[in-house]
Amino acid sequence: MKTAIFTVVLALAVFAVLSFGWEANEKALSEEFTELIHEKEAASETEARECRYFWGECHDHMPCCDWLVCRYKWSITYNICVWNRTFPEK
């Protein structure tokens, strides 16, 4: 009887340790994934500042990308980047 109780307690202890390790690993993966997402967002924001993409608002200080042109649309103060019927060279 004592052996059975000892085995059950030992098994519970092993499961607790494994569970704690799995939870720590899961948190580390979650943090790594979050950092990766933030890095990707920062990279895309840097790209977006270089030029405005299709249907993006444009002004003199916010130029459109090479294959787009800034055109007047719907309002005097609202210009957007539209396609200039060319393709970017790779």
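Heads up, the Cβ atoms here are built off N, Cα and C, so glycines get one too.
Quick caveat, the model's predicted, so the values are computed rather than measured.
What Swiss-Prot says about this one:
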{"type": "SIGNAL", "residues": "1-19", "note": "signal peptide"}
{"type": "DISULFID", "residues": "C51-C65", "note": "disulfide bond"}
{"type": "DISULFID", "residues": "C58-C70", "note": "disulfide bond"}
{"type": "DISULFID", "residues": "C64-C81", "note": "disulfide bond"}
- line: Outside the signal peptide (1-19), at least 6 residues beyond either end, the same-chain residues with a Cβ under 8 Å of its Cβ set are none
Integer Å distance between the CA atoms belonging to C81 (disulfide bond) and C58 (disulfide bond): 6
Message: Cα-Cα, whole number of Å: C65 (disulfide bond) versus C81 (disulfide bond)?
response: 8
- prompt: Within 10 angstroms of the C-beta of C64 (disulfide bond), what count of other C-beta atoms is obtained when all protein chains are considered?
  reply: 22
Rounded Cα-Cα span from C70 (disulfide bond) to C64 (disulfide bond), Å: 6
- prompt: How far is it from C70 (disulfide bond) to C81 (disulfide bond), counting Cα to Cα, in Å?
  reply: 5
- request: Within 10 Å of each Cβ, count the other Cβ atoms, then let me know which of the disulfide-bonded residues C65, C81 comes out lowest.
  value: C65
- prompt: Other than its own, how many Cβ atoms are within 10 Å of the Cβ belonging to C58 (disulfide bond)?
  reply: 22
- line: DSSP output for C58 (disulfide bond) maps to coil
Task: Note down the number of other Cβ atoms within 10 Å of the Cβ of C70 (disulfide bond), including every protein chain shown.
output: 19
